[in-house]
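Colleague: Swiss-Prot lists these features:
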- Cys117: active site, proton donor (ACT_SITE)
- Lys22, Asn23: phosphoenolpyruvate binding site (BINDING)
- Arg93, Arg122, Pro123, Val124, Asp125, Leu126, Asp308, Leu330: UDP-N-acetyl-alpha-D-glucosamine binding site (BINDING)
- Cys117: 2-(S-cysteinyl)pyruvic acid O-phosphothioketal (MOD_RES)
Amino acid sequence: MDFLEIVGQVPLKGGVEISGAKNSALPILAATLLSQQEVKIKSLPQVVDIKAMALLLQNLGASLEWLDPNTLQISAKSLHHTEATYDLVRKMRASILVLGPLLARFKECLVSLPGGCAIGARPVDLHLKAMQQLGAEIKIEQGYIHAKAPKGLKGNDILFDKISVTGTENALMAASLAKGITRIINAAKEPEITQLCAFLQSGGVEIEGVGSSELKIRGVENDALNLKDIQIIPDRIEAGTYLCVGAITNSQLKINRIIPNHLQAITDKLIEIGFSLDIQENSIEIYPAQKRQAFEITTKEYPGFPTDMQAQFMALATQCLGTSVIEETLFENRFMHASELQRLGANISLKTNIATISGSTELTGSDVMATDLRASSALILAALVAKGVSRVHRIYHLDRGYERLEDKINALGAKVARLKEK
């Protein structure tokens, strides 16, 4: 198992290129199951979750060819089975995204429940209700979702009680081959969903209301779609993370290959804290702040402040003057990084879903443990400003969603080494 060793308080300067968005790539990879013709997907990030989804597609019978490290050609013309097994699904919760396309195209599928998933307690029930609204029969048998619609799916209204990004994506993909019109009410509005809509539209699916909370889909009454090649949008969370690298180290950094309006909640907050930003068409440059002020954040669905940036801003709060407050409204157990930041010297108190951070605090290098993907990046941010050497363990979480993070940070002047645990 690998860990990162980070020398703190090293000056940073330069630019970084943002990779394709993992959270856009995953549903688009799943959507290729709807296509009867070959599709080329460009700007795929080389991260563990993408490799896991590619392996799942291959296991279902899709033929895959990597044309270069970030371009994949996929043909799902002759899939030979429709069972997504536990061995593959347990590696990644987003594997549930194959449910909608498999059911829509083949009228029956078996998809393992994602690991540790209790029906009712986790959002998987939103996916199942959406499929049932389109006429599917759903049974849970021996840890598998058995879904079937012998006469095909039929368009209907799908109302999400709670906004769900992957739930919206699964419903969109299923509706694309359903007979008639489907309305998704209380749909998620993330840019990743907008790109999935564009991909489905390239195959002839009519979708109204793209980017809004109500989507109207007229299904294509064929056995499959003819999807076109696509380039994955830049990763707004990776971009936000590198903006935080600049912010926490108070460095001048340029973040390239981005879509600035996808980052507005993040850039607005950085300006409020005291940073100057030069926002161009596809880049943002962050300049050192004379004074970094404490702030308040409440996580919300897009276009609100993203829950996936909450951990990074908690690390940043340790270097801001005054008391910062972060309220997490979307997920439980999303403050697991707080106790690890405390090991570095952060002054953080927790009360249910609210974290209070007192700053500015001098952090000291230590051994810390990543608990999830975004927590791992928060610990790296804190280690960059800590006095001495820090070691971040369990970075397999990091590798799920950040492409070559240590290479990109080292190119800015940092001293980060990937080493093997003894």
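Placed from the backbone N, Cα and C atoms, the Cβ positions cover glycine too.
Because the structure is a prediction, the values reported are computed rather than measured.
Each of the listed features needs to be described in terms of its position in the shown structure.
Modeller: In sequence order, Val165, Glu190, Glu192, Asp235, Ile237 are the residues of the chain that are 6 or more apart from Asn23 (phosphoenolpyruvate binding site) and have a CB within less than 8 Å of its CB.
Its Cβ placed at the centre, Asp308 (UDP-N-acetyl-alpha-D-glucosamine binding site) has 21 other Cβ atoms within 10 Å.
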Colleague: Test of understanding: give the count of other CB atoms lying within 10 angstroms of the CB of Lys22 (phosphoenolpyruvate binding site).
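Modeller: Around the Cβ of Lys22 (phosphoenolpyruvate binding site), 25 other Cβ atoms lie within 10 Å.
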Colleague: What count of other C-beta atoms do you get within 10 angstroms of the C-beta of Arg93 (UDP-N-acetyl-alpha-D-glucosamine binding site), across all chains shown?
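Modeller: Other Cβ atoms found within 10 Å: 18.
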Colleague: Here are some binding-site residues: Val124, Leu126, Leu330. Which one has the most Cβ atoms within 10 Å of its Cβ?
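Modeller: Counting every other Cβ within 10 Å of each candidate, the maximum falls on Val124.
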Colleague: Could you state the whole-number distance in Å separating the C-alpha atoms of Leu330 (UDP-N-acetyl-alpha-D-glucosamine binding site) and Lys22 (phosphoenolpyruvate binding site)?
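Modeller: Pair distance, Cα basis, whole Å: 20 Å.
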